[in-house]
Amino acid sequence: MRTKEFLLSCITMALLLHLSLAGLINVIRHKRDALMPKKTQENLTLPHPDQPVVFNHVYNINVPDTSLCSVDLDSPGGTKLKTESSAMDTANREHMEHTLDAENQIVFTHRINIPKQACRCDNQQPDLKHILNRLEMLESELSALREQCNGGAACCGAQVTGEVSTRPYCNGRGNWSSETCSCSCEPGWKGPNCTEPECSNDCQDQGRCVEGRCECFEGFVGDDCSIEVCLVDCGDYGQCVEGSCLCEDGFIGEDCSQTNCPNNCLGRGQCVEDECICDEPWTGFDCSELICPNDCYDRGRCVNGTCYCEEGFTGEDCGELSCPDDCNNQGMCVKGHCVCHSGYSGEDCSKLMCPKSCNERGHCFNGKCICDPGFGGEDCSILLCLDNCSNRGQCINGECVCDIGYQGEDCSELSCLNNCQDQGRCVSGQCICDKGFTGEDCSTKTCPRDCLGRGECLDGKCVCFVGFTGKDCAELTCPNDCLDQGHCVNGQCVCHKGFTGEDCSEKTCPNNCLDRGHCIDGSCMCYEGFTGLDCSVIPCPGDCHNQGHCENGVCDCDEGFVGEDCSEVSPPKDLTILEVTPETVDLSWQNEMRVTDYLITYAPTAPGGLELELLVPGNQKEATVRELEPGVEYLISVFAVLNNKRSVPVSAKVAMHLPEAEGLKFKSVRETSVEVQWDPLDIPFDGWNLIFRNTKEEDNEIFNSLGRPETTFEQSGLGPGQEYEVKLEVVKNKKRGPPAAKNVITRIDAPSQVDVRDVTETTALVTWFQPVATVDGLSISFWPSLNPANRNVIELSSSDTQYHLGGLTPDAQYEVSLTAKRGGQTSLPVNNSFITDLDAPRDLQTMELTDESITLEWKNSRAHVDQYRIKYGPLSGGEHGELLIPRGPKDSTQAKITGLRPGTEYGMGVTAIKDERESIPATTNAVTALDSPKD
């Protein structure tokens, strides 16, 4: 401190000396405005606010007669300033006050006396301005020093009483602290006077400071080298945090270039939620397998991208039909059919073709023509003669030109004389003459049928013997040539009208006596009971039994009698069956004749039936027959009775009606069956006919013949959701009673073949076949087996055949139920059940790495599993390992894999195990630490 004061004093004296040497002879007052403290001008640590401080400084610049200027400094102790003029004192005195707060003030008083007559100093002169600035700085330092010393600070050795001392200026880069008696430098500077550049936070010991700037060591950046950079580029999927890459979700590795998926999906896909979404044409959990084109169209199996097609299919994707034996490389396969090369044929082109297909005159065998008879040559185009004309002629264009004496297709036959005159055929040298010719060469004409031996043949015409005539003497001649009173037919005379007899020599009688007598020389000799010229008059039989009179042989009977001889009573007519019930018959009839009574008889038509009678007054023409047996056929006869004589009856067969079945109802109705029930009958009958007919089909009936005791029947084989007309008939004696009929609609059927597939820990796919019946929609519901109340119901359209269930609980048994709906109908449910898969461990991460071990931790599966299986192996290849770890007691499980190779990246997969079931793996990769040098 004292050194600083000494230096300041020296500077002041040097400045004053400089002024005195400047030759100034005038003293000029210099007025300065009050200066506010500025960091760029001075550095000041303010005193304690409770201690008011007053500084008085007087500067006297006296210019002696030698024209030199001088300046004296009066201390605040009260030293009087020497002035030449009191008026000048007043004029040259200026006061500057700087108030810091309302209670405490620091007052600076400056007095500078430069007599004009003593020194003429130009206030614009640079040296003077510099002096004034330096004085202000000196004043500031002195005031601060006095403040420190008055407060008893340790840096001041004694109280200052009028003594002027200085402090360091801190070089405008810091504040002076009176408490530490040193500069408190601004950031970036250090040293006693804040002249030495300083780096922020001393570069965190991670760099060196050069001219106030940190030059960071490798691996660090920033103004103070506080940011640790990563040794590798974190790429697009990570950020560098404290020297390590902090990877985004789904990426791992030192440079975030790897994914959480197995083998990083081998660079053949993207890792999404720890699963590989493979690029075309790859598949598999790590995209290591090639996809087969079009999945081989389900016509083969896919092995590493290559389709091994089933029999009958070929092509890269098994999309083409294959040909038998690949057409034996003798043709092209087009849509499963061989198009054979020239010279080959057959389904598989295995057959050799023959030239010109043997011209359809033979069949091809192994490429050679086997010609049909009559053809030869390589392609059967040459016509051959039979047996080479038997060496008895020449073959010309397939026909034999036989030598003389031979004939036939093959010249094997002997020829005949004169070629049989073309009136016969030659057989073995002999003529077989055509009809009408004979002789060795068929030159002689024959007569028809050789005149039947009834005449002689002369030049082809018959000269018939006596009694025969005709071209072939086949006709007989008539006696006396019918005397020209008739014509001869087959040897018998057909006489003209009025003649008769073998030769028409006799006369006939009128009407041939009506076959009631015989004709003698043209007159009728009538038989008994006939008379008249032609025996046409008949007498009345029985003389009409005195119950009528005879007119021209016919009885005109009295009222009530009828018949040829009036011997019969007039019968009733027009018997009509008015109404038939199971036990009664209503009859009516007509009769215009007088009768006494009507007798009605009735009996079953079946043998052994008892005949009963009913007598009705003669004036009544209607009656009801009662107490008949249902279903029995009766013969009912009505007689007219007159004078105790019966007429012939008028009769009718009547089948008694069978009763209608009662109580027809449907006991149960299902999709394809209906159980029918009805009341029993207490009458004799044979059985029942139960008929089902679809109301939409007229002719498609289902007929069931049932025995008598049956009162229920279940009809199966019906269509779901169909309306059927059901008829029930009583059967007796092959007769059917009136039907009792009702309509019924079978239940709509539920979807069929319900299957649950593609089950994961939280999802499942339900598939089914649509109902046979036409339905409005479907309803699917599913729930955990242990919690039926937690039922979910989804309405679907009738065309849906599958539904994807989501949000399921792992390792839980679920029930699935499907129903169909139509209008107000609901089908019976069809049910299925399944168990969701185990869920994989979650949040698999590496907890600790050494050169020989990796410690893993994961959150336990939601399913209550027994244990976990860890499979691990180096990604670069090598032996793989496996561990079984029991489930941790809390929410997570840890496992340590030991015996690993240092500095090696391992792929690890963890699966959950319960009984024989195992979840999909959770996977991660980690690199073991490098081992330390040895020896």
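Cβ coordinates come from backbone N, Cα and C, glycine included.
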Disulfide-bonded cysteine for CYS540 as listed in TrEMBL, from CYS535, CYS550:
CYS550
TrEMBL annotation, disulfide partner among CYS426, CYS442 for CYS433:
CYS442
Check the DSSP secondary structure of CYS566 (disulfide bond), expressed as helix, strand or coil.
coil
Chain residues outside the domain 'EGF-like' (407-443) and at least six past its termini with a C-beta under 8 angstroms from it:
385-393, 399-400, 460
Check each residue in the chain of CYS566 (disulfide bond) that is at least six apart in sequence and keep those whose C-beta is under 8 Å from its C-beta; list them in sequence order.
GLY542, CYS544, HIS545, GLN547, GLY548, CYS555, CYS557, ASP558
Taking the Cα atoms as reference points, how far is CYS433 (disulfide bond) from CYS540 (disulfide bond) in Å?
74
For a quick check of understanding: among the disulfide-bonded residues CYS550, CYS557, which residue's Cβ has the most other Cβ atoms within 10 Å?
CYS557
Pairwise Cα distance for CYS540 (disulfide bond)/CYS442 (disulfide bond) [Å, integer]:
77
If H, G and I count as helix, E and B as strand, and all else as coil, what does DSSP give for CYS442 (disulfide bond)?
coil
Looking only at the domain 'Fibronectin type-III' (571-661), what is the model's average confidence as pLDDT?
89
According to DSSP, folded down to helix, strand and coil, what is CYS540 (disulfide bond)?
coil
